[in-house]
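The structure appears right after this line, and notes come after that.
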Amino acid sequence: MRTHFCGLVDETLIGQTVTLAGWTDVARNLGGVCFIDLRDHEGIVQVTVEPAEGDANSAEVFKVAASLGYEDVLQVEGVVRARHAVNDKIRTGKVEVIATRITILNKAAPLPFHAHENPGEDTRLKYRYLDLRRPEMQRMQRTRIKLVQALRRHLDARDFQDIETPILTKATPEGARDFLVPARMHPGEFYALPQSPQLFKQILMVAGFDRYYQIARCFRDEALRADRQLEFTQLDMEFAFVRERDVQDFVEDMIRAIFKEVVDVELAAQFPRMTWAEAMRRYGSDKPDLRIALELVDVAELVKTSEFPVFAAAANDADGRVAALRIPGGATLSRKQIDDYAAHAAKYGAKGLAYSKLSETGEVSSPIAKFFGEEAFAALLAHVGAANGDIVFFGAGSYNKVSDFMGALRLKAGKDFGLVAAGWAPLWVTDFPMFEWDEEAQRYVALHHPFTAPAVDDIADLRANARTAVSRGYDMVLNGNEIGGGSIRIHRPDMQSAVFELLGIGAEEARAKFGFLLDALNYGAPPHGGIAFGIDRIAALMAGTESIRDVIPFPKTTGAQDLMTDAPSPIAAEQLAEVHVQVRPKQA
């Protein structure tokens, strides 16, 4: 139906006859001449219709051109010629196609929005097929496609084996809720959609496949936000006979090569490394954005004897923290703006936010200064590095809570004050805690997942020091986004059973849920480790968008709906009966 793509018609084709196909981007009837911007996936070319006196064919072509509306689908035949008025804004701006025939392949109904408009997100998702025609959306989807293609080429060339793992599998606790699928042939029993291929890829290592990868679809029934979806795509990888640095060095080289190939970005020749403890202490986050130079400063030692009870209590608590954040030039903040910062911190658990301003002349303005002697407060500000014109925020409370809300303030201040440097800041975060204590459940939970190996090999040591145990987990972070997470796995059945026990998973429960894994580890499992990268998140970073929905062809809303297909939707009683499911009426 076509000999060339619209966006690739150029000066080398001048004088030649071409056949094009695409959508009517714009049609302009100027009376004696019609101009059509014809668009396909490669871009736009101008089609010109000039009726010649006494020429029945050109008159018919003009009549067709004059009838066109937005997004009509056309086939155009014509001769390429140089444009009198060059359009430098498009790739084909030096040429035009003089139409000798126009065939309307399909008429478009009146549009809810035009390809060059940017309506509300619900409208975009309802008419996703129209939204995806927009050049910006085409660009972002192509970025994702190029990313996946480049990853496959890179791994295939290095002897990784692309192996599929089951989509219908066993429900296992991996953090979020499972999506459950009723098993028609086994009444009352259910499959689960995989949250990740974690256990299968470990078993593939036991099976001797050495290097595995998969572009895997994963499913988690969790609350949605800009960087989360119910179903998502990850690059899943696993290596046999490796230590942490073996995995990290390989994938660091891979990510560096992929960014260069896909978006022509040169990442650092060596990614910095930082322990989890250092990241939390300096940045209040386990995924710090190193483009922002601001850092948290611990001040507990300086406030232990202060008369401000909030500070003194946290400073004298072994699990407490008092931290300060200096914002250069922040003394310009109004009281309302400071209240906005306090409200932002409250979203992350802050019960209050203290501050101190230093005017350009060095005058201190702070509601907490009265709890300190003049010299003591001056020493506190000096320890933080405060200078004239700055504001210093203080947070006090439990260590993790203070780290969370002060880290959130750091990000907000960095953006508000234009302190986010241009470029890319990758790093590795390592040495995560093995466990964290769940106050509500009154038990330990795994910080990564229960198959992550501890840094110690001795089970008695792990049991005795579970509270402070460090894992062999690692995350790759880019511009404040966790783009990949992995670990060295537990390959000994006795260690895996011990970790289950520390997590409150008894032997009987472990056998019921993970018996197949424990059995596999008993038959000569090699030391192994791996990592998984979020394809959606990396594609969004490459495409320059804050929402992964922009790089997913058919995403769900934050309300977990597909507005285009109207999913989820009720199921007929007959279908429910076939899978032995009965739906309880909603409670009034």
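Cβ atoms here come from the backbone N, Cα and C positions, even for glycine.
DSSP gives ARG220 (L-aspartate binding site) a coil state; it is part of no helix or strand. If you draw a 10 Å sphere around the CB of ARG220 (L-aspartate binding site), it holds 21 other CB atoms from the protein chains shown. Annotated L-aspartate binding site per Swiss-Prot: GLU174, ARG220, HIS448, ARG489, in sequence order, evidence recorded as sequence analysis.
When Cβ-Cβ distances below 8 Å are used as the criterion, the region 'Aspartate' (198-201) is approached by residues 165-166, 169, 172, 174, 212, 214, 236-238, 449, 451, 514, 516-517, 530 of the same chain, each at least six residues removed from its ends. Here Swiss-Prot flags 198-201 as region 'Aspartate', drawing on sequence analysis.
Residue environment of ARG537 (ATP binding site) contains 21 other Cβ atoms, counted within 10 Å of its Cβ in all protein chains. For the recorded site, ARG537 (ATP binding site), the DSSP three-state label reads helix. Taken from Swiss-Prot, the feature ATP binding site applies to ARG220, ASP221, GLU222, GLN229, GLU482, GLY534, ILE535, ASP536, ARG537.
DSSP assigns HIS448 (L-aspartate binding site) to coil, not to a helix or a strand. The Cβ of GLU222 (ATP binding site) lies under 8 Å from the Cβ of ALA176, ARG177, ARG228, LEU230, each of these being in the same chain and 6 or more residues away along the sequence.
Across all of the region 'Aspartate' (198-201), the predicted model scores a mean pLDDT of 97. Neighbour counts of Cβ atoms within 10 Å were compared across the binding-site residues HIS448, ARG489; the minimum falls on HIS448.
Ranking the binding-site residues GLU482, ILE535 by C-beta neighbours within 10 Å puts ILE535 at the top.
ARG220 (L-aspartate binding site) sits 15 Å from ILE535 (ATP binding site), taking the Cα positions as reference.
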